[in-house]
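Taking it in order: structure first as structure tokens, then the write-up.
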């Protein structure tokens, strides 16, 4: 706010500023409002504190003035008194309980204000009343920062004596020393250093004291810091030294001092720039550059991008500095990593005078830069005609004819038609740049207007793409072909139709136009682009030409939203309707809708009869506009009669499905309001999903509310019987769920597996949703069993998935529901899926009621935990008195289950901690050792053997008379066989097929019989008993006829034929799977 007129203020304030005590007393006696506010909410007390009249202030305070009143800047009278340096007024305010900690909008206290305004006496009065002198304002500055900033030595000294911290930092980590150095308060700096301040301190960006002093040109501070031993070449966070800073800001006196003190003139920063680079580019760095050059700076030092100081001078056209650099040996054709020389840079930025200097000093005009461009390429690309003229006049190729051979001998310069790495000549660049003067200069110098680049484009293509009317006229007049196609089949007309898109963007500079001027410039360019297109059409450009994808210029205009261009093309094209309605590959209507160009879409909608044409995926333009969320395009299409019920081919989605799935509420509203069908909101896709279901699946609450308000059926089910409520339970969106329940959605609806939303909420762990559903279910059907078709309840699912919050809620809601449904209890589910949290909760809540419960196959939770190798589950179950040797219907204990499944951790725990009984037999008389060997679980078998020396267990036979040794041998468990033999396992025992453990190693019965014959022949019979019972049992089932002989021996006794059964006897008979 500006300066206020005193005559506009209340009489009381006028009397205060007049210092008229009697008038003030008179006004107060007349009940004048003592706390009246001005436009900035200042009270008379603020005015009195500012003026500093103690008697008036006493009158006001005695009359009840608000001592802590705040104005619009939150300044109190105490702040005003401190700013006025009036210690008597400040003392009087303090005596009347003024808040010494009051903060203004910058978080500054009265002490900050006193320090900033050199009010030493005020600061002295305030300091004892504060708990800390280091309180920071909004920028993190303490009172000491402000005192140092003001340069008042006495105040600084006072604050230090009162205990202010020397090294306190603001939010940019700047200490008071930084401000002393920056502002040149040398005496203050000396005082701070004498009190122990750190001379090597740095702020967040690594600026030290020497950097800050150099930045502001504080030469005396710089000299003092150097005398104090400051590191002269210390870099900041960007690698810049104090010399870099001085050169960048043109502080030549500081630069001289630093150089004389031995600063490294060639030290690079993080980007590889030396102080000379910085001096070359800075606004006021001319003297610094001369200083550096005279003191040995390397004029050819290249940055990380390969730029020399001459490159930097060329960027801003520093003519004098470039001359100094050249005179001191700067390489004239030094190339950066892009290949650009200083001449390229000068041409790019249009510095004609510098170009002259460089060329005079021998710069190579034919040197290739970025993309193999000449300097001339860059000059014409950016539209610098004077630079173009200069380069052409001094650098173009010329030749000398030899008088003897009559041959042309190259003398100097470059060929104007030489292409860059992408095949573009200077004429291509000029056409792209849009400067017709450059274009004319090149054409008059012999540039080939029919030359094509690597993409098959002529200069006319580039002129058309940039909407350059004058360049297009010049090129066509000179003979350029208007219908020539590039490698993609695009003619200049295609590019002109989309010219706003292809136009080269202008770089924004400090002197850029404001928004209004920018808009005028854009409008001017749009008009020029339109004239360019019109000119091409008038000069024979064929609008029916298609590119290699089948697109015409109409397609391009629609895709890039150029309404005027589109209207012109539709008007000029003889077969416009055929082009517009063609869906090969995509119609213009689809392109405009997909890209959200509503104006172009409106033009097409007014031209077409049928707006429901579909692309190869069956999508209409309305579908694309809806999917992309272009509400304006949706509005245009629906207003012109486009159907919202046409389905795409894959998922059979309509535009309504697309809008709901993407959350485009406004588009969805327009589609529903089109009134195409009464039940439009319940249209289904290929899976039976309605828009409401998709909106809920993606959590779009606004769409859900809209669909329900417009009549969408809340209980509609898809092909699997799942409703919107099922989906809300899965996603956990409480707002969506509440909306459905408000519209009477049925809570206990079941899908094809009998699962309700309550099941799904429990499985997904959405506690808040589950609570809401349970409350709704009570009012719907309190007697519903709540189990699915497999007998599983929500409690089963919560336990299985480990969602303890949901389980706790279910236990509170229905503590006996664990008895309902499948006998494979929630505890079974928790332990088999390694869910410790829900296991612990179930055991804590139900304990003995559930710990030994059995499923349909007689298995306890301990069996399930063993099967899943869940050691923590086993531990918790045993702690709650689970029966370690309980058997299922097949007679197996938890240990046997673990052994058969190969769960080594469970076997180890049950053996060592659970002390499980190893002698228990199942229905086929298998022990845990039999089962471990039968499945090849070597580690489990060895663990069991390590716990027993019982020969009865080691030689125990099952119903097929097989010992563990038989089974281990048959499965190739060498270490188990060795352990069994070392513990006394018999090798002569035979199973029901007459096989010893050795013969059990055979892969099948026939091999075993052959092996038995060979063994019987190799070992002679004892003399007293030629045919022992062992040999008889060994051979009785060999299957060889008695009449046959072996190796000349007689027929074997009892050699009756016995056909071998391919199926072994069911000695093991394990089901091996816990999956339900």
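Here the Cβ of each residue, glycine as well, is placed from N, Cα and C on the backbone.
What Swiss-Prot records for 7-36 is repeat 'ANK 1'. In terms of DSSP secondary structure, the repeat 'ANK 1' (7-36) contains 18 helix, 0 strand, 12 coil.
The repeat 'ANK 4' annotation in Swiss-Prot covers 106-135. If you take every residue in the repeat 'ANK 4' (106-135) and average the pLDDT, you get 95.
Residues or ranges marked as repeat 'ANK 8' in Swiss-Prot: 238-267.
Per Swiss-Prot, repeat 'ANK 15' is recorded for 488-545.
Annotation comment: Swiss-Prot describes 617-646 as repeat 'ANK 18'. Same-chain neighbours of the repeat 'ANK 18' (617-646): 587, 589-590, 592-594, 596-598, 601-602, 605-606, 611, 653-656, 658-659, 662, 664, 666-668, 670-671, 673-674, 676-677, 680, 683, counting only residues six or more beyond its ends whose CB sits under 8 Å from a CB of the stretch.
According to Swiss-Prot, the repeat 'ANK 21' annotation covers 720-749. Listed as Cβ neighbours of the repeat 'ANK 21' (720-749) (distance under 8 Å, sequence separation of 6 or more from its ends, same chain) are residues 687-688, 690, 692-693, 695-699, 701, 704-705, 708, 714, 755-758, 760-761, 764-766, 768-770, 772-773, 776-777, 780-781, 784.
When DSSP labels each residue, the repeat 'ANK 23' (790-819) comes out as 21 helix, 0 strand, 9 coil, counted as helix, strand and coil in that order. Residues or ranges marked as repeat 'ANK 23' in Swiss-Prot: 790-819.
Below 8 angstroms of C-beta separation, residues 787, 790-793, 795-804, 807-808, 811, 815, 859-861, 864-865, 867-868, 870, 872-873, 876-877, 880-883, 886, 1074, 1076 of the same chain, each at least six residues beyond the ends of the repeat 'ANK 24' (822-852), sit close to that stretch. According to Swiss-Prot, the repeat 'ANK 24' annotation covers 822-852.
The list of residues near the repeat 'ANK 25' (857-886) in space but at least 6 beyond its ends in sequence, with Cβ under 8 angstroms from a Cβ of it, reads 825, 827-828, 830-834, 836, 839-840, 843, 847-848, 850-851, 892-895, 897-898, 901, 903-906, 909-910, 913-917, 920, 1074. The repeat 'ANK 25' annotation in Swiss-Prot covers 857-886.
Here the repeat 'ANK 26' (890-920) is broken down by DSSP into helix, strand and coil counts: 17 helix, 0 strand, 14 coil. Per Swiss-Prot, repeat 'ANK 26' is recorded for 890-920.
Residues or ranges marked as repeat 'ANK 27' in Swiss-Prot: 924-953. Tertiary proximity for the repeat 'ANK 27' (924-953) is limited to same-chain residues at least six positions away from its ends with a CB under 8 Å from its CB atoms, namely 892-893, 895-896, 898-904, 907-908, 911-912, 916, 918, 959-960, 962, 964, 967-968, 971-973, 975-976, 979-980, 983-984, 1066-1070, 1072.
Look at Swiss-Prot and you will find 960-989 tagged as repeat 'ANK 28'. Only residues 6 or more beyond the boundaries of the repeat 'ANK 28' (960-989), in the same chain, are considered here, and those with a CB under 8 A from a CB of the stretch are 924, 927, 929-930, 933-934, 936, 938, 941-942, 945, 949, 951, 954, 995-998, 1000-1001, 1030, 1064-1067.
The annotation phosphoserine is assigned in Swiss-Prot to 1028 (among others) on the grounds of similarity to another entry.
Swiss-Prot lists 1075 (among others) with the feature phosphoserine, giving a large-scale study or a structure entry as the kind of evidence.
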For the repeat 'ANK 26' (890-920), distant same-chain residues with Cβ under 8 A (at least six beyond the ends): 857-860, 862-863, 865-871, 874-875, 878, 884, 926-929, 931-932, 934-935, 937, 939-941, 943-944, 947-948, 950, 952-953, 956, 1069-1072
